């Protein structure tokens, strides 16, 4: 099992990745993956896209047919189009309700697996030292701050380690991003031309 040091560190890496990628992006990706599974929801989504294509084809055919010259054909296309649109709207309502329920479930699972786990670890290990500091290395008042609120004196508390990990992850990510952007930017090359 991972030690408490690494558990908290990897938790903050996961929180940073979720915050950087964006919750809505992750939700959309999970929804698309969910629609690939063999469920009734994915069947409804396929049926909805089929009905949408059919409605667009019927609308195109209606626009290509003259309502005055070929009224019978146009009226038949209009009835089929209206029926297809009604079916499409019913499926769309169903899928919208299922997607909102799915988004709510994913949001709860994401919160529980990131921030909820962080709060749980802070509560559960509040009296447990993450690691001990060497004797007489630092003054008493600094030891008190590092062990705040409930860890034994001379150790680092979970709360302080959480703050250190969050700061370290965000600063490291900023450094890596700036180095990547600096190396990815093309350097201007001066070209000299001879003048005569």
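Note: Cβ is positioned from N, Cα and C throughout, glycine not excepted.
The topological domain 'Lumenal' annotation in Swiss-Prot covers 1-4, 132-155 and is backed by sequence analysis. The annotation transmembrane segment is assigned in Swiss-Prot to 5-24, 111-131, 156-172 on the grounds of sequence analysis. The topological domain 'Cytoplasmic' annotation in Swiss-Prot covers 25-110, 173-196. Look at Swiss-Prot and you will find 43-100 tagged as coiled coil, backed by sequence analysis.
Counting residue by residue with DSSP, the topological domain 'Lumenal' (132-155) contains 7 helix, 2 strand, 15 coil.
Shown for the topological domain 'Cytoplasmic' (25-110): DSSP residue counts in helix, strand and coil, namely 77 helix, 0 strand, 9 coil. Under 8 Å from some Cβ of the topological domain 'Lumenal' (132-155) lie the Cβ atoms of residues 126, all in the same chain and six or more residues away from its ends.
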